Every structure is written in structure tokens, then in C-alpha cells.
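Enquirer: Dumping the structure here so I can ask a few things about it.
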Amino acid sequence: MENKQQSNGVMKANNAVKKKVNWSGSLIVASLTGAFGSSFLYGYNLSVVNAPAGYIKKFYNETWERRYGFSVDEGTLTLLWSITVSIFAIGGLVGAIIVTPIVKFFGRKCTLLLNNVFAVAAALLMSLSLLAGSFEMLILGRIIMGVDAGISLSALPMYLSEISPKEIRGSLGQVTAIFICIGVFTGQVLGLPEIFGQESRWPFLFGAIIVPSLIQAAILPFLPESPRYLLLEKHNTSKAEKAFQRFLGKDDVSHEIEEVLAESRVQRNTKMVSILQLLRTRAVRWQIVTVVVTMGCYQLCGLNAIWYYTNNIFSESGINHETIPYVTLSTGAVETLAAVFSGLVIERLGRRPLLIGGFGLMIVFFSVLTVSLTLQNSVHWLPYLSIFCILAIIASFCIGPGGIPFVLTGEFFQQSQRPAAFMIAGTVNWLSNFAVGLLFPFIQAGLQTYCFLVFAGICFAGATYLFFVLPETKNKTFHEISQAFAKRNKVTLEMQEMKHYPGEKKSSVEQDSNFTSSVDNGETKKGFV
């Protein structure tokens, strides 16, 4: 009877710990600062080219005429503009490819810091292009800014997933999506005619990129590195313990240290794996497929097409030209509110219903938008329905698909797999981004009002796949998530632990010599893994 009461008391205490999660000052500052200098800039650069598009095209034409003595033809100008918009994604692909060795060597926080060099260089090139009379500087700046975004969209979710307790990992992960939305909205606000949306001021839109980079560079050095990185990859228990203490806001972090060490014991036969090794690992096969599907649908669902060409879409919808910048502003506001809403409810509703539900709603509104655009010349109020559908598509995207793919990539994989996994996710993300940015003008020209049915089909395929494959990851440890995929991967739990990475097994002598550090009553001692 006494043992039962003690057991009940322990269970109640554990439940109380689970319910009460401290959002420490360091955790909040790290997430906000990291996101402001990273995902904010990604969102900003998605929308910043939209408002000054006409002025930039005029700059291209004048530069071409000054050099060659004749005006550029319409087809060449469209191609140049499409390259300017979509080349951002090529830089992002480069950033996603190089991020793996950078985060391994420098760590998550230092990678975010070093990444500011790319942002500052890109800002200077783009803002000075008009003064120098070189549109090549603007295109080169877009490439370099893409590299910055490619690195940050992998390093930031990795950093946030490793510094947050599992009870709020989803909410903290949504900070990435929220700041993407705030970045988009900021780009729209600064692009208004009253601010920088004028022919003589558009370079300031690109010069503003320096501000978030400098703020991040000033604050982030005073925050700890990822404690999981310090413990599992640098084997520095004392620094990891201090990092946990600052991020969790408590002195006793022995439970968190032991939880990370438990993951280390699962990976005792492994070291950091390459992309090829990860792709060959049966135990994570369906995790990889799911990340590829979610990241592909994240870009191919059509939202970036709306951001890149919002003004053009509203113009085709029959909206007055002078009104368009202000209508466009409403899209960024709706996106930000929807992303904040998702961050507030993700730990209550879970990842799965938000992701599938978001894609489902997008299918509905893409279909209605197609009908509205097709019939708008016959019914005077249909352009307003088109605006509503675009806002609803944006809200549906931000409720789930807008941020959850980044959260899932951080949750699906163990520590030694995570850099390679983010590299795969980033590659899919940026290739899809490039395809949409480059091809959408031609798809729109060819299919006209039916172009959005292509995106509805992609959303349907993604939602169907996720309905049958995606498990719920809310409040689960990384090891528990691996167990959820074990049956589908046709790998038993024992095989996952003993053969987690083919070709990386060590001899029994090497295994016996492996050890890690654990914390016992505040002291460091050595224990066999």
C-alpha cells in the first residue's frame, strides 16, 4: 500500500513537471534573435522583390539600352526577371549543401553567426546595383542572399530543436515559420509607395537586410551553444550542463543530461553519418521519404508563387493598380496571424492534424480561386472572392504546412543523422523553390486561370500521403519517434539499436573502450555506453 502511494506520488510529480515548462529568458532570446537574423530574412527576401518589380525591370531595360544601344525585348526581360527572382533558390541550394560540414565543425550557434557575412555582402551588392549601373550586382546579391537563407533554414531549426524541452519543441519550432511571415509582411510594408516603394528608393529595400544581421551578430555571442551538440558531438559535459541550465532556467539538469545520454547509448556503434549512409539506412527510410514529401509540398503547393507574383495576380483579378500594394499588405498580416495561431495550438492539437488539415483547406480554396478567376469578367463581385481565396490559402498554409516541415525534420532523426537529414530537406526545399519561381510565369501564361489547379493537385497528393504515413510526434522523445516508424521501416527495435547505421559498426574492443560522461549529484564521472 505504501509503495503504491509512493508510486502515485512519483507519477503526479512527473506529470506536474511535464505540465510546467519554463520559458527561460535565454531560451526566448535565443529563439527570437536566431529567427530575426535568419528566417526573418528568408521571408523578407521572398516578398521584397514584389513591390519594386516594375522599377527594377525599367532599370534592367535602361542598363541594357545604355550598353548595347537598343531596348531589351519583352521575352528576354521576362527571362531576366524570372532569373532574378528564382536565382535566390539556387543560392539556397548551395547553402543547404554546405551547411552540413559547417554545423558539424562550428556548431549550430556559430554557424548562424558566421552566416551574417553572406547577408551583409548580399545587402551591399543589391543596394549599390542602381548606383553602379549593374543589374548583375543585383542578381549576384540574390544568389549570395540565397546562400544565407539555405544555411539559416537548416541551422536555425536544428538549433531550436536541440535547445528546447520536448514539451514545447513544436511551439518553439514554429518561431521559424512565424518570423518567415513577419519577414514577408515587413517586406510588403517597406515596399509601400510612402516608404521605399518608389523608383529612387528601391535600393533601400535591399540595404535594410543589414539591420537584422547586425542585431543577431551583436546578441547571439552571449548565448550558449546547443547543449546536445556540446554533449554528443564535442563531448563537453560541463559546457552542456551550463547550457541546459541557462536554456531551461533551473540548476538540476541531470534528467535532461541523462535523456541525451540515453540517445547516445542508442548510437554507440556510430559516428556522424553522410547523406549516402543516411539514405542507405533502413531504420530511417520512411522518415526520409516523409521529409522529402513534406518539404516538396511546402514549396510546390504554390504559396511562393503567390508571394513572388502577388501584384501580378491581383492585377489579373481586376484590382485597381493603386490599391494593389495595400491589398498585398493584408496577405502578410493574415500569414503572420495564422502562423502565431499555429504556434499557440501545435502542442495541443499536434503536428499531424494541422499539417493534413492545412493542405486540405488549400485544395478547397485553390479550386474556388480557379472558378473565381475564370468567371470574374461576368460577375462584378468575383474579384473580391479571389482576394478572399488568396488570403484563405495563405492562412491555411501557415496553420500547418508553413512551419511544421522544419519541426518534423528536427524531430525525425537522431543527433548523428540530423545534419545530413537537414541537408536532404534543404536540397528538396530549394530545388522546389527554384522550380516554382522560374516556371510559374510560364505556367500562368499557358494555363491562365487554371494554373492553380496544378497546386491543388500537389496539395491533394501531399495530404493523402501524410494521412497514411505520418505518425503524431507531439511530446515524444527522438527515440520514441524512431519507434513509431520501426514497423513501417520493417526494422525491430533491437535492429534499430544494433544496426542503426550500416557500414559504421565498430569492433567489440572499440565498443568496450567507448565511454561518455554523465552527471551524478553535480559531479562528472565516466561510464561505459
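Just so you know, glycine gets a Cβ as well, placed from its N, Cα and C.
Annotation comment: TrEMBL describes 21-42, 79-100, 112-133, 139-160, 172-190, 202-223, 288-309, 324-346, 353-375, 381-408, 420-441, 447-470 as transmembrane segment. Here TrEMBL flags 31-474 as domain 'Major facilitator superfamily (MFS) profile'. For 501-529, the entry in TrEMBL reads region 'Disordered'. According to TrEMBL, the compositional bias 'Polar residues' annotation covers 510-521.
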Enquirer: Compute the average pLDDT of the predicted model within the domain 'Major facilitator superfamily (MFS) profile' (31-474).
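Expert: Mean pLDDT for the domain 'Major facilitator superfamily (MFS) profile' (31-474): 87.
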Enquirer: Which sequence positions outside the transmembrane segment (21-42), separated from its termini by at least 6 residues, show Cβ-Cβ distances below 8 Å to it?
Expert: 109, 112, 115-116, 119, 145, 148-149, 152-153, 155-156, 159-160, 163-165, 167-168, 172, 175-180, 182-183, 186, 209, 212-213, 215-217, 219-220, 223-224, 246-250
Enquirer: Under a criterion of three or more Cβ pairs within a distance under 8 Å and sequence separation of at least 6, are the transmembrane segment (202-223) and the transmembrane segment (447-470) in contact?
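Expert: No, since the transmembrane segment (202-223) and the transmembrane segment (447-470) share fewer than 3 Cβ pairs closer than 8 Å, they do not count as touching.
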Enquirer: If you count every Cβ pair below 8 Å, which range out of 79-100, 172-190, 353-375, 447-470 shares the most with the transmembrane segment (139-160)?
Expert: 79-100
Enquirer: Do any residues, 6 or more residues outside the transmembrane segment (420-441), come within under 8 Å Cβ-to-Cβ of it, and if so which ones?
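Expert: That would be 78, 82-83, 85-86, 88-90, 92-93, 95-97, 99-100, 146, 150, 153-154, 157-158, 272-275, 277-279, 284, 287-288, 291-292, 295-296, 298-300, 302, 304-305, 308-309, 405, 409-410, 412-413, 451.
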Enquirer: Among 112-133, 172-190, 353-375, 447-470, which stretch has the highest count of C-beta pairs below 8 Å with the transmembrane segment (324-346)?
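Expert: Comparing 112-133, 172-190, 353-375, 447-470 against the transmembrane segment (324-346), the winner is 172-190.
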Enquirer: With Cβ-Cβ distances below 8 Å as the criterion, list the same-chain residues six or more beyond the ends of the transmembrane segment (112-133) that contact it, or say none.
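Expert: Sequence-remote neighbours of the transmembrane segment (112-133) are 34, 37-38, 41, 59, 63, 66, 95, 102, 106, 140-142, 144-145, 147-148, 151-152, 155-156, 159, 202-204, 206-210, 212-214, 216-217, 220-221.
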Enquirer: In the same chain, which residue numbers or ranges, 6 or more beyond the ends of the transmembrane segment (353-375), come under 8 angstroms Cβ to Cβ?
Expert: 294, 297, 301-302, 316-317, 342, 345-346, 382-383, 385-386, 389-390, 392-393, 396-402, 404, 449-450, 452-453, 455-456, 459-460, 462-463, 466-467, 470
